[in-house]
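Participant: Structure provided below as structure tokens; questions to follow.
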Amino acid sequence: MLNRKQETQNKQEEMEERGHWGSKVEFLLAVAGNVVGLGNVWRFPYLCYKNGGGAFLVPYLVFVVTCGIPLFLLETTIGQYTQEGGITCWRKLCPLAEGIGYGGQLILFYSCMTYIIILSWALLYLVFSFSSQLPWSSCDNYWNTDDCVDFSTRNNTVQWTNQTNSTSAATEFWERRVLAISAGIEEIGSIRWEVLLCLIVMWIICYFCIWKGVKSTGKVVYFTATFPYLMLLILLIRGLSLPGALQGVLFYLLPEPSRLTDPQWTNAGAQIFFSYSVGVGSLTVLGSYNTYNNNCYKDCLWLCLLNSGTSVVAGFAVFSVLGFMAHEQGVPIAEVAESGPGLAFIAYPQAVAMMPVPQLWSICFFVMLILLGLDTQFVAMEVVMTSIIDMFPTVMRRAGQRERFLLLFCLTCFCSQVVMITEGGMYVFQMFDYYACNGACILFLCVFETLALGWVFGIERLYDIIKDMTGVRANPFFKICWLYLTPLVSLGSFICSLVEYQPLTFNRWYVYPAWAYVLGWVMALSSILLVPGWALYKLGTGTGTLSQRFHRLCRPDLDYSLTQKKEAELQRVGGEALQQFTD
């Protein structure tokens, strides 16, 4: 008996502590690095100009106020309160809703596979940026066709505007040199070895950024979360000094009030849910490494302001350069403005190739791109790791276990994504990005997240928890949001996204085969169905009547239904009662 007790005590001693952030600054930088990512640079500016310029800011701010900030605060609060990961926090607060945690982690897993591919492309472009002549600035290379046009002379600009079959040098470099893209997803082709090498480098960097948990993550973010702002400032100043920059900025922000009635404004909702990193458990995990009395209320408000502010500033940096590009080519800005990979790997590189000292600006841009994406990538990996480790603490919190499991996770993602760096890989990448990481999936999770916490766990409990942790009484407006506005707006956006659904196409001409669309929907539904699926599983496998099981699964863990203050009061009263009894 004594040996068994000693063995149990030794096992507990061997377990490593979960840990906390080394300082408040580490938490702020980690969250800032996670929420300020590629979407701020290549998605927000494009959506802004496409959906009415300055008029787009109206629905954008509506979603910020009704969904973005309330969900940001809600998830950070439950993480800091429970000190648990994205899955186990639901076991403490509302076991019936644990499927929300599983769904969020699955979306993050898909995101880890796609996001790092973008970083690999950016790294390859960065390497090419050190060439004596940027390879996407001319048509004298072996991969160019007779239809290639560069913009080194005004004559070529005229040629570009007069020929409909012409392609830019930057486009041919992207499609024929970097991707060597095939005719369709049916033709996977061979692996792009240069991209493979870059992918390996990025996985190694990510591994060593987080292999020691918050001890290493908290130190890395000092660089990865701050240096991109220096690069963005440099590119902003350079962009605004270029000829044609003013036209680009006006095109970016000039309001078109008529677009407010366009249902496309729901794009603002998807942008908020992506850029604020809500719905997938990231903020829950990052908040869980705070001390109990950290003022997360004030932190969340400032971080939300930083995120949206960065998006707006990035728009000035991007569209000032696109305005210069349109000015030099003599074409409308609408013809050079793109979103996603098209902006980062075609439009912007083509623009810097037209500047004096193009290598310098190319290096600045791709360094910024890599660092913006890198901290988002390794924070997503950290979130998945923490969530799984918290599910099996006795096994996973032992010396060396985290490092080994992280290596297994990286290898699993790497082997699963090799198909994305083949000649047909871009078609697979687009499928994952369009279906598996779809904003509609996150909207669905957010609807049930607010319902579970606002209505089942209890809005008054949440308010008491925030007051107990921070010493601040949250604004009553958040109560209205968590009970009504956030779930209704999220549900409305989710329904709109289904109504407006358009099958994925590539470059507006390639239509995927039927089996690809079926696979895409399977990936999309895989995260959504975990929410009702888990609830039905727990209701079906529990003991007692159905009503008893339901009420048991809606009841929070006793230790997590109270604030620390109330728990201390109960312990004090219990202690006094025991003392009186013994006397």
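Using N, Cα and C of the backbone, Cβ positions are placed for all residues, glycine too.
What TrEMBL says about a protein is an automatic prediction, not a curated fact.
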Participant: Cys139 forms a disulfide with which residue in TrEMBL, given the options Cys112, Cys148?
Facilitator: Cys148
Participant: Hey, for the Na(+) site built from Gly33, Val36, Asn40, Ser275, Asn307, Leu372, Asp375, who else sits with CB inside 8 A of the CB center?
Facilitator: Ala32, Asn34, Val35, Gly37, Leu38, Gly39, Pro228, Thr310, Thr376
Participant: Which of 107-128, 230-253, 273-292, 304-326, 480-502 has the most Cβ pairs closer than 8 Å to the transmembrane segment (54-74)?
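Facilitator: That would be 480-502.
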Participant: Applying the under-8 angstroms CB criterion, which one of 191-210, 273-292, 304-326, 435-459, 514-537 scores highest with the transmembrane segment (230-253)?
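Facilitator: Between the candidates 191-210, 273-292, 304-326, 435-459, 514-537, the best contact partner of the transmembrane segment (230-253) is 304-326.
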Participant: Please identify the stretch among 21-42, 191-210, 480-502, 514-537 with the greatest number of Cβ pairs below 8 Å relative to the transmembrane segment (273-292).
Facilitator: 21-42
Participant: State the Cα to Cα distance, in Å, between Val36 (Na(+) binding site) and Cys148 (disulfide bond), rounded to an integer.
Facilitator: 36
Participant: Taking just the CA atoms, what is the gap between Cys139 (disulfide bond) and Asn307 (Na(+) binding site) in Å?
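Facilitator: One finds 39 Å between the Cα atoms of these residues.
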Participant: Are there at least 3 C-beta pairs under 8 angstroms linking the transmembrane segment (435-459) and the transmembrane segment (21-42), leaving out pairs fewer than 6 apart in sequence?
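Facilitator: Judged by the Cβ rule, the two regions do not touch, with the required three close pairs absent.
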Participant: Taking only the Cα atoms, work out how far Asp375 (Na(+) binding site) lies from Cys148 (disulfide bond), in Å, as a whole number.
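Facilitator: That separation, Cα to Cα, works out to 36 Å.
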